[in-house]
Amino acid sequence: MASWTSSQFLYEETKPWGIQFLEKFKRSGRLSFKQYQALVFILTFVAYIAFHAARKPNSIVKGTLSASTIEGGWAPFDGPDGTALLGQIDLAFLSVYAVGMFVAGHLGDRLDLRTFLTIGMIGTGLFTALFGVAFWANFHSFYYFLAVQVMAGLFQSIGWPCIVAVLGNWFDKKRRGMIMGVWSAHTSLGNIAGSLIASGLLRYGWGWSFLGPAFLMTFLGIVVYLFLPVNPPTVEAERDGTEIDSTMRLGDTITESLLESRMSTGFDRKAVGFMAAWKIPGVAPFAFCLFFTKLVSYTFLYWLPFYVSHNMIGGEYLSEETSGNLSTIFDVGGVVGGVLAGYISDQLNGRAITAAGFMYLAIPALFLYRVFGHISLTINVILMFTSGVFIIGPFALITTAVSADLGTHKSLKGNARALATVSAIIDGTGSVGAAIGPVLTGYISAISWDAVFYMLMTAALISGLLLTKLIIAEVKALLFGSEDEVAASSSSPPASRPPIDVLV
């Protein structure tokens, strides 16, 4: 049996059963390359909608579980330290999620991505449901909720590295920012779906808020196992009417045929080591940038419904259900922000410029939302939407296009076996910030919400500053066409450079 440090694949890829079934009814016997791309795009898109939807019930039921409700809350969260305990639950989930991300990324480059992803989805569905089961089982042990969240975080961590790796196997760098900008809408749509499902079911008891997303996750996990093609060689896909063994171009150098490199050798390139992945140009600054970006975005993810329900808007307090529904406006802004950030970064050939610019604009957006959001519902909606655009936009850009770019960086010489590892490093580091933000908010909000927003604005500022070196390199490239400098310092080769045509 291969050891943990083994750099070879530990599995044999097979064509999914669902695709074999579809091919029996197709006249040509095979799906086209574009049909496979569409299938991968849709399946990975809805899969991560489900992942995000499964995270949302925690924020929706916070007000119900805490002592501020008429019913008196739910022990052990109904005491004066209830918000702090809820923050600790969030910390447990996100801490394990962050650590698990690094491990999942390491394994994702070595295991069958389809099976590994399915395990993550079904496991997530199971433990999301178990949190809600406490409602009917009348569980009140803090350690029960803690243990369930720890396991949920562990299985959730499997999703992202696997999904980005699969998507990267099917789409090259050309227009990747725009494509992944659209695809990254899954984050916001998942939050919206989770909010609407959890809020809609809350009236029947808070346990139902967890069961709805749990069933969705489990069902889609089965669909993914049956239909998701991990990479072109697995399904013998042909690209744009050409044979799969057409040569692949790395810069100006023609290397071995695609068939030889991916089929004859069993797709058997060595996986990039964890420390080696950190040394890929651009990985470290974007990883630490995402630390602060996710600190801001996940604070909103976990606390925005609670904040809305506990602060007067237009002279009145909103119900828990209404607050949960209203909070989806932040994610609607995130959909626009993700697409906009991807498009701008493609046009400028500058991922760092775009990400930092959005985070700098998030600072006044946060300030205005805190100061003027209470005046009326209309103003609150406008400012919440604006905040979502500038906060989720760079979050989506870094976790998708940037991660895929760096996972196929030219320094890897065409080896796409770093995709899951690089994605895990970047999103895993960001998830540490995501764990810290909500738990700090649980304590700081008990003192002052103003202090919470000052913390978020400071994090947004630091996030932008961390990309300063990359921004300088990208600006020089824009002004003087210094591609070599960007290649050495920035996140990815500029879009004007010939794309690495290796079906990554």
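Positions of Cβ are set from backbone N, Cα and C atoms, glycine also.
Annotation comment: Swiss-Prot describes 31-51 (among others) as transmembrane segment, evidence class sequence analysis.
Swiss-Prot lists 84-104 (among others) with the feature transmembrane segment, giving sequence analysis as the kind of evidence. Counting residues 6+ beyond its ends, the transmembrane segment (84-104) has Cβ neighbours under 8 Å at 55, 58, 62, 65-66, 76-77, 116, 120, 142, 145-146, 149-150, 152-154, 156-158, 160-162, 274, 298, 302, 420, 424-425, 427-429, 431-432, 434-436, 438-443, 446 in the same chain.
Proximity of distant same-chain residues to the transmembrane segment (116-136), defined by a Cβ-Cβ separation under 8 Å and at least 6 residues beyond the stretch ends, is recorded for 47, 50-51, 54, 57-58, 104, 107-108, 144-145, 148-149, 151-152, 154-159, 162-163, 166, 205-211, 213-218, 220-222, 224-225, 228. Look at Swiss-Prot and you will find 116-136 (among others) tagged as transmembrane segment, backed by sequence analysis.
The transmembrane segment annotation in Swiss-Prot covers 145-165 (among others).
Here Swiss-Prot flags 178-198 (among others) as transmembrane segment, drawing on sequence analysis.
Under the heading transmembrane segment, Swiss-Prot lists 210-230 (among others).
Per Swiss-Prot, the feature transmembrane segment maps to 280-302 (among others); the stated evidence is sequence analysis. Nonlocal intrachain contacts for the transmembrane segment (280-302), taken as residues 6+ away from its ends with a CB within less than 8 angstroms of a stretch CB, comprise 55-56, 58-59, 62, 90, 94, 191, 272, 330, 351-352, 355-356, 359, 362, 366, 387-388, 391-392, 394-395, 398-399, 402, 405-406, 409, 411-412, 418, 422, 425-427, 429-438, 440-441, 452, 456, 459-460, 462-464, 466-467, 469-470, 487-492.
Under the heading transmembrane segment, Swiss-Prot lists 324-344 (among others).
Annotation comment: Swiss-Prot describes 352-372 (among others) as transmembrane segment.
Annotated transmembrane segment per Swiss-Prot: 378-398 (among others), in sequence order. Beyond the ends of the transmembrane segment (378-398), by six or more residues, the same chain brings 177, 180-181, 184-185, 187-188, 286, 289-290, 293-294, 296-297, 300, 304, 308, 313-314, 326-327, 329-334, 336-338, 340-342, 345, 351, 354-356, 358-359, 361-362, 365-366, 368-369, 372, 426, 430, 460, 463 to within a C-beta distance below 8 angstroms of the stretch.
Under the heading transmembrane segment, Swiss-Prot lists 424-444 (among others). Same-chain residues lying 6+ beyond the ends of the transmembrane segment (424-444) with a Cβ under 8 Å from its Cβ atoms: 83-84, 86-88, 90-91, 93-95, 97-99, 101-102, 104-106, 108, 157, 160-161, 274, 277-278, 283, 286-288, 290-299, 301-303, 395, 398-399, 402-403, 406, 451-452, 455-456, 459.
Residues or ranges marked as transmembrane segment by Swiss-Prot on the basis of sequence analysis: 452-472 (among others).
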Given a Cβ distance threshold of under 8 angstroms, which distant residues of the chain, six or more beyond its ends, lie next to the transmembrane segment (31-51)? 19, 22-23, 117, 121, 124, 156, 159-160, 163, 166-167, 170-171, 183, 185-187, 189-190, 193, 213, 216-217, 220-221, 223-224, 227-229, 232, 235, 237-240
Ranking 210-230, 324-344, 452-472 by Cβ pairs under 8 Å to the transmembrane segment (178-198) puts first 324-344
Beyond a gap of at least 6 residues from its ends, the CB atoms lying under 8 Å from the transmembrane segment (352-372) belong to 285-286, 289, 292-293, 296, 337, 341, 344-345, 379-380, 383-384, 386-387, 389-391, 393-394, 397-398, 402, 449-450, 453, 456-457, 460-461, 463-465, 467-468, 470-471, 473-475, 490-491
